[in-house]
Amino acid sequence: MVGTTTLNTGASLELVGYGTWQAAPGEVGQGVKVAIETGYRHLDLAKVYSNQPEVGAAIKEAGVKREDLFITSKLWNNSHRPEQVEPALDDTLKELGLEYLDLYLIHWPVAFPPEGDITQNLFPKANDKEVKLDLEVSLVDTWKAMVKLLDTGKVKAIGVSNFDAKMVDAIIEATGVTPSVNQIERHPLLLQPELIAHHKAKNIHITAYSPLGNNTVGAPLLVQHPEIKRIAEKNGCTPAQVLIAWAIVGGHSVIPKSVTPSRIGENFKQVSLSQEDVDAVSKLGEGSGRRRYNIPCTYSPKWDINVFGEEDEKSCKNAVKIK
């Protein structure tokens, strides 16, 4: 039985969800069907993953009651201007064939200008190497428009993703509305204890993405780390199961992605770690072990904006416009 948590709206959320990032069209639909058959009821989607129509068809085929699913999607960067927010939500609902989302997040604290067909032109280019940024619209502007969605019946809860404490404080101060969730990169190499303590005090739930680390930067995989493998062997489980069990300690949720049926099942199976094992996993991210994998200014094309204050972002010309 998968553990659950209660959001600040009173809604119940399963701690292990099914992620659809980097799941290729043609594979993701089958993955979603297998996930629902396995027992997953928390699905994490986004406009920019470019696979929502297929996910929507798979949800329909799976034949589970809508109210038994918890479905999250995300507002993309080119729809941050207040007048674009509801149309972007409508586009996502249309792609999914749904009447409402359980949770809608601002995907990044970064805005792109709405150019051309904004349902398709997701990365307007400044030039061959860079994405064009919209430095006029603020996070507060976008959050105010998100708050208005709550009255439409099209979303049950709203939240953010990739926001730091300062950004979260600013949107709460401006509107009096606290995000239900902040979805952040979190794994044993990126512990973020200050952000976690801040969110706990404000009753903001944390969902961890990239819980198994990330294989896009050519770094050694976390699932192959000797310490993770040792703990897996000791507990008679897989390294991925160790990382997922570690991630949900403290009541956080996690959204591992796989399109392989056996792995989808493995990721859903609950493993309990001793405190000693939890501490051993956490030690990996202390000191020089720390690593953030998802930094927009390292993307190609580059987003020339400092989001997290990481070393790699110091040369960025632009900062996040908070208010």
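Here the Cβ of each residue, glycine as well, is placed from N, Cα and C on the backbone.
According to Swiss-Prot:
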type: ACT_SITE; residues: Y49; note: active site, proton donor
type: SITE; residues: K74; note: site 'Lowers pKa of active site Tyr'
type: BINDING; residues: H107; note: substrate binding site
type: BINDING; residues: 210-267; note: NADP(+) binding site
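On the structure: features taken from Swiss-Prot.
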residue: Y49; record: active site, proton donor; Cβ within 10 Å: 22
residue: K74; record: site 'Lowers pKa of active site Tyr'; Cβ within 10 Å: 24
residue: H107; record: substrate binding site; Cβ within 10 Å: 20
residue: S210; record: NADP(+) binding site; Cβ within 10 Å: 25
residue: P226; record: NADP(+) binding site; Cβ within 10 Å: 7
residue: K234; record: NADP(+) binding site; Cβ within 10 Å: 14
residue: V242; record: NADP(+) binding site; Cβ within 10 Å: 30
residue: G250; record: NADP(+) binding site; Cβ within 10 Å: 11
residue: S258; record: NADP(+) binding site; Cβ within 10 Å: 20
residue: E266; record: NADP(+) binding site; Cβ within 10 Å: 18
Going by DSSP, is E266 (NADP(+) binding site) part of a helix, a strand, or coil? helix
Candidate nearest S258 (NADP(+) binding site) in space, where candidates are the recorded positions Y49, K74, H107 and distance is Cα-Cα: Y49
Secondary structure at K74 (site 'Lowers pKa of active site Tyr') (DSSP, helix/strand/coil)? strand
Close to K74 (site 'Lowers pKa of active site Tyr'), taking Cα pairs within 10 Å and only the binding-site residues H107, S210, P226, K234, V242, E266, are H107
Could you measure between K234 (NADP(+) binding site) and the residue listed as 'active site, proton donor' for me? Cα positions, answer in whole angstrom. 36
